[in-house]
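Please read the structure below before turning to the comments.
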Amino acid sequence: RAVALILVLCVSGMRAETARYSVPEEAERGSFVANIAKDLGLTGEELLARQARLVPEGEKQYLQLNQHTGDLVVGERMDREELCGQSEPCLVRFEVLLESPLQSFRAEVRLTDINDHAPVFLNKEIVLKIPESAVPGTRFLLESAHDPDVGNNSLQHYSISSNEYFLVYTRRRSDGRRYAELVLDRALDREQQAEVAFSITAVDGGTPPRSGTALIRVVVLDINDNIPVFTQSLYKVSVIENSSQDTIVVIVSASDLDAGTNGEIVYSIFQNSEENLQTFKISPETGQIRLKKPLDFEEKKTYEIDVQATDGGGLSTHCKVEVQVKDVNDNAPEVIITSLTSTLSEAAPPNTVVALFNVRDRDSGDNGRTTCELTGEQPFRITLLAADAYALVTSETLDREQVEEYNVTLRARDEGSPALSASKTLLVRLLDVNDNAPTFTQAVYTMVMSENEPAGRSLGRLNATDPDAGENARVRYALVPPPTGTLAAASFVSVDAESGTVRSLRPLDYEKVPAFEVTVRAADGGSPPLSAQAVLRVVVRDENDNAPVLLHPAPESSAAGELVPRWAPSGYLVAKVVAVDADAGQNAWLSYELAKATEPGLFRVGLQSGEVRTARAVTERDAARQRLIVLVRDRGQPARSATATLAVALVDDFSDAFHQLGHDPASGQQPQVAEEEMLTTYLIASLCCVSSLFLLSVLVLTASTLCKARVRAELPPPSPSCYADGDFDGVGVGSTGTLSPAYRYEMCLTSGSGRSEFQFLRPILP
């Protein structure tokens, strides 16, 4: 059964835990290891909802996590000897990653050894040459058996089959491995027995135990009474890792007092380890030990070599060489990304986790001590979670409109000399948030449309921009409904929602709507949408679609009657033609001209004022009745016009004026009924005037002299006597449109006529 131990450690809001489990090696696929959900205090539903997954430390995934039950099971059979060799403990490390929120849990599974290997001798037959002079108690080193298992399952002891001469003892090295020493128990006699053969058995401590056997053949030599002697029984040397092939490690030396072939020494590496044979070689003649291949401190730190020196007579001795491998900074740090959020919302608050990563350096000491940093100025920082475990988090608020994506470079550097470093670049893209409202390029848009322009014509285009992206930057236009009770200007134009094109909905009359304003809104497609407003002002361009309209004389009268005294000098004001034009600008600029007259040289018309004046003094030769046609024209393209007809009577007094007006050819064209009505009106007016004059004559008699003098000063002679000054004023005509200021007319009564009446003689100019 697996045993789990959870060490709880909270760092920066992340749980840096180390959960330890164990499972036998070679366990079948699907074998239960532990229930992670129970150990983490979570349910299977929570594991599934938070998308729990395993991240192995190495490249291969040996374990699997059932997200429904939380069970950790074996995903692939694991051979402890293949993964870890002789190292103990043998650990398979991994991390458990949870999302929402992002959390990381460290865990390791220890592979417990099973007794799946038996001890094996490299040589099935071991030959020893022992002189017959060897004394009892002499020890001989035997070749060791190799068992890749560890602990109790490794090689525990040696035994030999029954014989008369030798015993075997099991010895233990400093690294814990066991080896056999053969001890001579009884003196040899070559003459009695030249060779002794027996078997040696290596037994491990497994249940059941496994064993390996080899045959030992002892050849008894003739007397060679001196054995080689090493200058040192233990040689300790150190070699820098990555030293090249054939580098000299050490030179061992032995001497033999014998002479001849019995004194010739041959060196060899004793076969106590296959790894030693693959790594080192020795010169038989000189004792130089060289490298067969470069050493790697990260794979093995210490080697123990047994060297044997044998003389020509077959006598041998051995020494031990301990080789310490010195570490050099030959491994750059590794940046291992365990979790990465490649897309990040620009609204993410500071300290949001972007990535989790580990930094690993296979070197030791300062060479394996690492630091981690970011290159460049970016809104991120690195937070230390645990030993060599880091988190990349945001350090400030982000703005996608300024920077859309970041290439974040993580650099890990060790403290070796020279220092080595490694970098890894992460691409972090920012997701847009609708944090920018559209912006109009203008606060007020002014567009022009012609009066009476048909509907559907394009007036212009609105333009608003939004720095956001996607739907958040898609701008749609609309008119803002006007307040209730105001002019429904929104019914005059429309705005295309996509393009912002403004089009007219109906023809407009400048005289009714010279200009109007509407409010337009630009809204983006975000949720919730953001908007901005601008003012759209549409100016209606006037067209000359209105002719001048006569105010005086009234257009319904056939001809207006005006009286001019015979004594009128040049420039005498006869009448004023007043007209207005509903258009604007030059379409409403009116000009007056005399189109037709009985005597063209007698009258002239003011071009801008419309005043009809005498062009010269009136003479007796001039016809008593004059007919004038005044043309009023605007300056539009094309121009529009109207005509006014004036009937002018040249008179000496009221009686004559009545007589002439009564026989005016123009008036003769009117119906008889109209003449009778006019005559009745004049008679009633005359009666009223005579009665009024009779009552007022006494009052004004004393002032008549002064009145006459005043009238003569203002009017050219001959002027009719003025019986009242300022007592009867005409009604002022207020200016409307293009009308001139109001005129006030003075009324004077004349005498010496058989019929009393009054007439408007001329305006009183200011």
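Just so you know, glycine gets a Cβ as well, placed from its N, Cα and C.
The domain 'Cadherin' annotation in TrEMBL covers 15-121, 122-230, 231-335, 336-440, 441-550, 555-667. As annotated by TrEMBL, signal peptide applies to 1-16. What TrEMBL records for 679-702 is transmembrane segment.
Broken down with DSSP, the domain 'Cadherin' (15-121) shows 16 helix, 43 strand, 48 coil.
Per DSSP, the domain 'Cadherin' (336-440) is made up of 4 helix, 57 strand, 44 coil. Per-residue pLDDT, averaged across the domain 'Cadherin' (231-335), gives 90.
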